[in-house]
Amino acid sequence: MIRYIILLVYFLIFEVNSQLDCSKAPTPAIRIMCNQIQRWDQKARATPSLSGDVKTPGIAGKAMAAEFSPIASNVFQCMDIACLCVFFRGTGGNNCVVQGRPLGKVVRKEYRMLSDDERQRLHQAFRTLKQNGEYDRLARVHAQYSESGAAHSGPAFLPWHREFVKRMEFLIRQVDPSLHLPYWDSSLDQNLPDSKDSILWTNEFMGDANGEVNNGPFRSWKTVENKPAITRAVGAQGKGYSEDEINTMLGQTDIAQVLAFSAPQRGCPYQPNFNVPEYTHGNPHIYVGGDMLETSTAANDPIFWMHHSFVDLLWEMYRQSKQTRATRETAYPADNRQCSSEHHFRAAFMRPFTPMRNADGLSNMYTDNLYSYAPRPSCNAGPTCGSPYLFCDKSHGAPRCAVRMKPEGNCASFKNGEDACYQGSCQSGKCVAGSQNVTPPPTIQPTKPVVTVEVFSETCLKIRLKFFQTSCFNENECCGPWSAKGECQKNPVYMNVWCKASCRQCTPNYNINEECSDRHTNCAMWSRSGECNKNPLWMSENCRSSCQKCGRSRAATCGGGGGADSISNPTTMPPATNNGQQNTPCDSPMCYNEDQCCPIWAQRGQCRSNPGYMTCQCKVSCGVCRPNYVYGPCADYHYDCAAWARRGECLKNKWMPENCRRSCNTCVNQQQLAARCATRIVRSAFLELIRMK
């Protein structure tokens, strides 16, 4: 009872603090989306991303970097084809061949641009994943606000879904390596007089439009909630994407209007905006209705994945047209708890996809290495827009592509010879079927999966390959000794993530007590490619034999103790922006940034390139701890700030401008801060040049 009272009080406080008034939404559909976004934000804020400070167990004489190695320990962590090739047991690296079939970078096409063979194989791959349980296990992730806090209601919405969709595409490619996850451009359906007339809602494509889906390739799919079938209510409310919505997104110049604060609270400097991508993406959800209407059930419907593939395409179009290559990987709104939950902070873990962080979803590697997008269908391809399922509409202003209509569709307004009716003709303003009747898709034999799947738990995905590989690894060779000293209980926030195997957060398929062994099938290959030196922490723990680490035990290497805060002789240099000074001891037990430039340094990747300094001096910006104050606004983060400011500490102590913003009068926006920190870089370089002379 007490727990429910606390939650009720929290939600009442949230209502008071929220500056988002859903009653002002421009349409009923956006109002529905607004309420859903607000509910998700409430629940996510009630389940913080970190439950306490992350304190790395110490090693005598060493500064421990609280960061993961870039080695992919399971297939979902892969970011290039060479990595996928290893897990798919193929040959050829980036020119991979798996069981005689090529495995390469894919080009995602619009769903109606697929050939009949491609579409049928895609449907079969979805059915295979449904039958073996992998579809449902991934779909459940989208419903878990406590485990997937960054999925909605803030700036991580687009990066989080990019990774989520990537994982479904990997599952599809495990069934058929030549396939990709197409995108559904709902504007093609919206361009019809009545979008419900689209052939999308027929046996050949998505099946029933209303009620339970009992025909088509996904008929009688039991949902993760154990309902007998997917449900839809196409066109009851909402609509598909419009060109105006797309152009509004592509025309933005402020990243905070793309990676947007969709549920801001009072005090957030960004006002509510119902035109940001998270809101406009909701229209097609509500238009399809049924399971797609609610966040918790949307992923039951396969059209969810194609819709989010299109959302990802729009984001990539923005990235390519408005951002430089470098900016694509760094531009992210400033962390501010008055604007979003901590789950959306730049350096927060992208749960449940740890060890990824939200900023990792900005990586160019997705579209450099894994997939690209075919252009949206265009009338430049001719009267059929390049597909037998589309046509070029010349009767409603500028030529535009639209999807063809099923029998009884309203074709009366097409006056310029368009072939708008699929396998039929327009008679008296209605589509009439011709001599060819639309037939159900042919039955095809299930494709033999490239990999097989074993379930280890209900909450996380583990892939079992033909040569069986686990994803249960420690990230550091000291995890075992730390665990033996009780760190799993003393320091669970760090240990349960970085030392999963030793803290029994998962079940390894190897003998964790062996001192000299290779725990991963790929250890020998990684050793030959230099990973023992590039990624010594992970490799020294999991590839000890291949890295020739057997001559010294883990316990001998990891002698000493204490926490990261007690490290007295760190050797890591600070960022170049820190006036060229050596690192100082990490002696602050509190959760603060020590420098006003920490957010900018974090944006520039210093948390990873220089973790020894950053995880000590920039704890908040690097996601190392959870502050017990509201980080982000123009405020004082310590109750003594005013007194310290009166004593002149604002000019003496670099800690003050960051944490006593109001008392020190150092409130700046992200652009001003970036300029200020850039000046420090120039000054540092100038002083270094003088010293050299």
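Just so it is clear, glycine is given a Cβ too, placed from its N, Cα and C backbone atoms.
According to Swiss-Prot, Cys479 forms a disulfide bond with Cys499, chosen from Cys499, Cys503, Cys506, Cys516. Among His308, His343, the residue that Swiss-Prot places alongside His281, His285 at the Cu cation B binding site is His308. According to Swiss-Prot, His142, His161 bind Cu cation A; the candidate from His123, His152 that the record adds to this site is His152. Here Swiss-Prot annotates a disulfide bond for Cys607; of Cys591, Cys597, Cys618, Cys622, the partner residue is Cys622.
Out of Cys591, Cys597, Cys660, the record in Swiss-Prot bonds Cys625 through a disulfide to Cys591. The recorded disulfide partner of Cys532, taken from Swiss-Prot and restricted to Cys516, Cys543, Cys547, is Cys547. Swiss-Prot names the disulfide partner of Cys650 among Cys641, Cys660, Cys664 as Cys664. Excluding the listed site residues His142, His152, His161, the same chain places Ser148, Ala151, Phe157, Trp160, Phe164, Thr295, His308 with Cβ atoms within 8 Å of the centre of the Cu cation A site Cβ atoms. Break the domain 'ShKT 4' (634-667) down by DSSP state and the numbers are 19 helix, 2 strand, 13 coil. For Cys516 (disulfide bond), none of the disulfide-bonded residues have C-alpha atoms inside a 10 Å radius of its own C-alpha, out of Cys472, Cys488, Cys591, Cys625, Cys641. In this view, the densest Cβ surroundings among the disulfide-bonded residues Cys523, Cys532, Cys591, Cys618 belong to Cys618, judged by other Cβ atoms lying within 10 Å. Counting only the Cα atoms, the space from Cys607 (disulfide bond) to Cys488 (disulfide bond) is about 24 angstrom. In sequence order, the recorded positions near Cys641 (disulfide bond) (Cα within 10 Å of its Cα) are Cys650, Cys664, drawn from His152, Cys503, Cys625, Cys650, Cys664. Same-chain residues at least 6 positions away in sequence with a Cβ under 8 Å from that of Cys543 (disulfide bond) are, in sequence order, Asp518, Arg519, His520, Cys523, Trp526, Ser527, Glu531, Cys532. Comparing His161 (Cu cation A binding site) with Cys664 (disulfide bond), their Cα atoms are 39 Å apart once rounded. Averaged across the domain 'ShKT 4' (634-667), the predicted model reaches a pLDDT of 92.
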